[in-house]
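Listed in Swiss-Prot for this protein:
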{"type": "ACT_SITE", "residues": "C78", "note": "active site, nucleophile"}
{"type": "ACT_SITE", "residues": "H170", "note": "active site, charge relay system"}
{"type": "ACT_SITE", "residues": "E172", "note": "active site, charge relay system"}
{"type": "BINDING", "residues": "G46, E47, S48, R105, I134, R135", "note": "L-glutamine binding site"}
Amino acid sequence: MKIGVLGVQGDVREHVEALHKLGVETLIVKLPEQLDMVDGLILPGGESTTMIRILKEMDMDEKLVERINNGLPVFATCAGVILLAKRIKNYSQEKLGVLDITVERNAYGRQVESFETFVEIPAVGKDPFRAIFIRAPRIVETGKNVEILATYDYDPVLVKEGNILACTFHPELTDDLRLHRYFLEMVK
């Protein structure tokens, strides 16, 4: 099994390190043809407008949508969730539009208002998961086929729709590998 981490911008290294701790072969994906070399893909946190601009400049956006629509398992964190969303509230931004959610960018505030909390994620075990929110998006609406796996303050923060796992916080910034392990089970 080989897992790609989209390497255009953001928390690439942190996701690669988490995967290496789990003994997984990784590939930092920087070219469209590399999307065919991976069994699953992580879209890291970063800056979503920069990420979509780079994807378009590299002609990778359409290939990525095609691979996701054909079943490529994807794990998106923070800005990666914005990239995948079908709808963005009160903001005009290009996106991939493959996940049936509406998101609100930077909904928890600016960088200085970033915070940590614990969330319950029954799908990965009974112990609370340390969630780090940094300029995080808020999922304000989910489609009927979107499964909510975790919430914070009544808002979904971890959702799954088919082959897509989307997390508004940063699990890669913790030592807790349960969400990465959960994603690997989706890939198998």
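Counting starts with 1 at the first residue shown.
Using N, Cα and C of the backbone, Cβ positions are placed for all residues, glycine too.
Computed from a predicted structure; not experimentally measured.
Taking the features listed in Swiss-Prot, we show where each one sits on the structure.
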{"residue": "G46", "record": "L-glutamine binding site", "CB count, 10 Å": "21"}
{"residue": "E47", "record": "L-glutamine binding site", "CB count, 10 Å": "14"}
{"residue": "S48", "record": "L-glutamine binding site", "CB count, 10 Å": "28"}
{"residue": "C78", "record": "active site, nucleophile", "CB count, 10 Å": "29"}
{"residue": "R105", "record": "L-glutamine binding site", "CB count, 10 Å": "18"}
{"residue": "I134", "record": "L-glutamine binding site", "CB count, 10 Å": "19"}
{"residue": "R135", "record": "L-glutamine binding site", "CB count, 10 Å": "18"}
{"residue": "H170", "record": "active site, charge relay system", "CB count, 10 Å": "22"}
{"residue": "E172", "record": "active site, charge relay system", "CB count, 10 Å": "28"}
>> Please report the distance from the Cα of E47 (L-glutamine binding site) to the Cα of H170 (active site, charge relay system), rounded to the nearest angstrom.
In response: 13
> Out of C78, H170, E172, which of these active-site residues is nearest R135 (L-glutamine binding site) by C-alpha distance?
Replying inline: C78
>> I'm trying to understand the geometry here, so how far is the Cα atom of E172 (active site, charge relay system) from the Cα atom of C78 (active site, nucleophile), in Å to the nearest whole number?
In response: 11
> Just checking the recorded positions S48, C78, R105, I134: which sit within 10 A of H170 (active site, charge relay system), CA to CA?
Replying inline: C78, I134
> Where S48 (L-glutamine binding site) and C78 (active site, nucleophile) are concerned, what is their Cα separation in Å, rounded?
Replying inline: 9
